[in-house]
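Read the structure below first, then the notes.
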Amino acid sequence: MSSFSYRTLTVALFALICCPGSDEKVFEVHVRPKKLAVEPKGSLKVNCSTTCNQPEVGGLETSLDKILLDEQAQWKHYLVSNISHDTVLQCHFTCSGKQESMNSNVSVYQPPRQVILTLQPTLVAVGKSFTIECRVPTVEPLDSLTLFLFRGNETLHYETFGKAAPAPQEATVTFNSTADRDDGHRNFSCLAVLDLMSRGGNIFHKHSAPKMLEIYEPVSDSQMVIIVTVVSVLLSLFVTSVLLCFIFGQHLRQQRMGTYGVRAAWRRLPQAFRP
């Protein structure tokens, strides 16, 4: 066999393997948006399109409410509404008997609308521990949430959360710290960040109202002994002064009553007995 014939056979065999049929058309299906985050009961517009010039059939598969807004041969535009849970939308087209599809992932979220910070106790001695608690009610998805605890501009602690049930949850973070002298002049705060960028959404921030501690210096044992001694002495002096005032008052009363008694008896004596 000549080299020309061998090359021709090789090319023909390659064409049969790689290109099995000239009538089988390759086409693509696209969906916009590919992913999106919406609030509960929200809606979104979805566009399904294909590169097939004359698709036989096409559409959007979903269990949610949908309305076909507009369409042409190569695309269809839908409104999907009443989205209450995470779901997958599927665009599909059939071209020359072959079906292709592409999915759009939809996530439901609730941003942090309330961030509650609590300091316990609020009156703390220097060197003693206290607890910082931050609570965010009704937020989802939890695995996209991060809570930051601040002392002034300093980040004391931050915490992320694992994937939870697909429903609004309450997120809580607790951190124990030790009070120092400057804490009485610093604001404590909490920041909630819900990052939905990976889900086709935005980033939501919500700060708590700032809180402050009341700081005092603890009293040493020697100072306590002095204070107790001084208080005891002052209390003794007070009691003694009260008793002396009472005794002195009784003495004056008796003296006055004794003088008045002699004069009254003198007046009652008959004239004959008076000198």
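Just so you know, glycine gets a Cβ as well, placed from its N, Cα and C.
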Swiss-Prot annotation, disulfide partner of CYS134 among CYS91, CYS95, CYS190: CYS190
From CYS48, CYS52, partner that Swiss-Prot gives for the disulfide involving CYS95: CYS52
Per Swiss-Prot, the disulfide partner of CYS48, chosen from CYS18, CYS91: CYS91
Residue among recorded positions ASN47, CYS95, CYS134, CYS190 with Cα closest to the Cα of ASN153 (N-linked glycosylation site): CYS190
Cβ packing number for ASN82 (N-linked glycosylation site), 10 Å threshold: 11
DSSP three-state assignment for ASN153 (N-linked glycosylation site): coil
For CYS52 (disulfide bond): DSSP state (helix, strand, coil): coil
Cα-to-Cα gap, CYS91 (disulfide bond) vs ASN47 (N-linked glycosylation site), nearest whole Å: 8
